[in-house]
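See below for the structure under consideration.
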Amino acid sequence: MAERPEDLNLPNAVITRIIKEALPDGVNISKEARSAISRAASVFVLYATSCANNFAMKGKRKTLNAGDVLSAMEEMEFQRFVAPLKESLEVYRREQKGKKEARKDKDKKADSEEQDKSREEENDDDDERMDEEEQNDEEEVDN
């Protein structure tokens, strides 16, 4: 856990970037307002985490999952965010599945290439042995 209350704040650079993306061009924000938004965001994250943890504990689990967070959002009366969060979660899961399949395909391709290379080396070894045997046979015939 955090040793000081300030350790629980979100990074200022992240907060500043989010604020700039949310505001129209040409709109500025004071340091005090940025600090207030940062503290509010930190409190929100802590509260949402605590609520989600309660759902995990009810399920006798130590790991929070996406369902816990969605249930926490509803409990905190942020129902209007549940649908967009579910959509984002589905997009994230599809991306992760695509990455996993791409890795699997890459591994299969690498394994296949290794097997092909191994077969080529075996064939080369067989060819060398046959050449040596032919030379030996020719030498025996010459003698």
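Glycine residues also receive a Cβ, built from the backbone N, Cα and C atoms like all the rest.
The compositional bias 'Basic and acidic residues' annotation in TrEMBL covers 93-120.
Annotated compositional bias 'Acidic residues' per TrEMBL: 121-143, in sequence order.
The domain 'Transcription factor CBF/NF-Y/archaeal histone' annotation in TrEMBL covers 9-73.
The region 'Disordered' feature in TrEMBL is assigned to 93-143. Across the region 'Disordered' (93-143), DSSP classifies residues as 50 helix, 0 strand, 1 coil.
Restricting the average to the domain 'Transcription factor CBF/NF-Y/archaeal histone' (9-73) gives a pLDDT of 93.
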